[in-house]
């Protein structure tokens with residue numbers, strides 16, 4: 001081995017030794033532990049607020065936060081109350097929709113009763129009169145007995161049906177249901193208008209419930225159990241379908257020149273009330289009484305004629321009273337058909353109910369004006385201009401015609417004939 005090779009071998013061994021030492025020092029380096037530093041939490045309030053709290057004072061920020069929380073909770077309570085009122089009103093609207101459907105269906109059914117019963121009774125009566133006439137010209141024997149018996153049975157059936165029909169007055173029942181449908185629809189529109197114009201309150205809910213119950217009482221659906229309205233009342237009064245309130249005297253007053261009200265408008269409404277009471281309401285009550293008398297007479301005469309015709313048909317063919325009995329059976333049946341057609345074909349009961357409802361409409365308008373004028377706080381009344389327009393439209397008049405009517409009513413002249421307030425009815 002040469003000297004050069006020996007020196008190279010020594011250098012390489014020394015280098016490998018150094019590498020091993022480096023690696024070992026790297027592998028066995030000590031691990032450093034992680035330090036966890038804790039810092040004090042900073043308060044969310046500044047120094048001034050903290051000093052004020054320590055001294056017993058509330059800061060402006062704290063007060064504002066409490067006010068915000070209070071107002072927020074108040075709005076939540078108000079919102080929940082308003083939601084409850086809206087839910088109640090929509091429940092009432094659903095009930096009203098159901099009532100409208102019920103009254104419409106029953107009104108159509110009772111109108112069919114009037115048509116079918118009228119046709120059936122007239123057919124039975126004419127058939128019975130025809131049989132009585134045939135019996136009067138037929139000889140003795142079985143044909144005569146069969147015709148007499150058939151005529152008597154038909155007249156008896158017609159008499160019974162007429163008594164029932166005159167008792168319930170189907171045309172009047174149908175008119176009641178038509179009025180109920182119209183008034184329930186009117187109440188439905190009023191509730192929708194209230195919801196659209198302002199936030200409803202519990203007073204609106206209570207008022208709507210009272211109106212629904214008043215309509216149910218005014219236009220009952222059953223015919224039995226004493227619930228049906230009396231068709232031949234002893235005293236005729238205007239129909240009432242609104243909640244009754246305590247009667248108050250005519251103490252019209254309140255602060256004027258506010259909320260659309262002034263002295264001239266107050267005098268105008270007072271005169272309108274007088275005209276409605278003296279002319280329109282009394283006139284329709286008078287007409288109702290007259291129609292009631294006519295209807296009562298027809299309701300008695302019709303069954304009486306068919307009963308007499310039934311009695312005459314039993315005596316047809318007898319030696320002593322055969323001719324007169326035939327006349328009574330034939331003429332009585334013909335007259336009964338005419339009376340029945342006039343009463344139920346002309347729907348006299350419906351006319352009576354219509355006149356009574358018209359009188360009730362004027363009574364309602366009069367009470368509405370009086371209750372508005374009796375409110376002493378003018379701010380709580382309906383706006384005077386809007387109220388005047390509503391009254392004018394309900395009477396079928398323009399504003400100028402309404403004021404002219406009030407002016408003519410205030411003139412106490414004997415040669416001036418006072419006109420009716422309504423041009424609509």
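A Cβ is built for glycine as well, from the same backbone N, Cα and C atoms used for every other residue.
Annotations in TrEMBL come from automatic prediction, not curation.
As the structure is a computational prediction, the values presented were derived from the model and not from experiment.
For 116-138 (among others), the entry in TrEMBL reads transmembrane segment. Through the fold, the transmembrane segment (116-138) approaches residues 144, 147-148, 150-152, 154-155, 157-158, 161-162, 165, 170, 306, 309-310, 312-313, 316-317, 322-323, 326, 329-330, 332-334, 336-337, 340-341, 344-345 of its own chain, all at least 6 residues removed from its boundaries and within a Cβ separation under 8 Å.
Long-range contacts of the transmembrane segment (144-164) within the same chain, counting only residues at least 6 positions beyond its ends with a Cβ under 8 Å from a Cβ of the stretch, are 117, 120-121, 124-125, 127-129, 131-132, 134-135, 138, 302-303, 306-307, 309-310, 313-314, 316-317, 329, 333, 336, 340. The annotation transmembrane segment is assigned in TrEMBL to 144-164 (among others).
Within the chain, the transmembrane segment (297-316) has long-range Cβ neighbours (under 8 A, six or more residues past its boundaries) at 125, 128-129, 131-132, 135-136, 144, 147-148, 151-152, 155-156, 158-159, 162-163, 166, 232, 322, 324-333, 335-336, 339-340, 342-343, 348. TrEMBL lists 297-316 (among others) with the feature transmembrane segment.
Taken from TrEMBL, the feature transmembrane segment covers 322-342 (among others).
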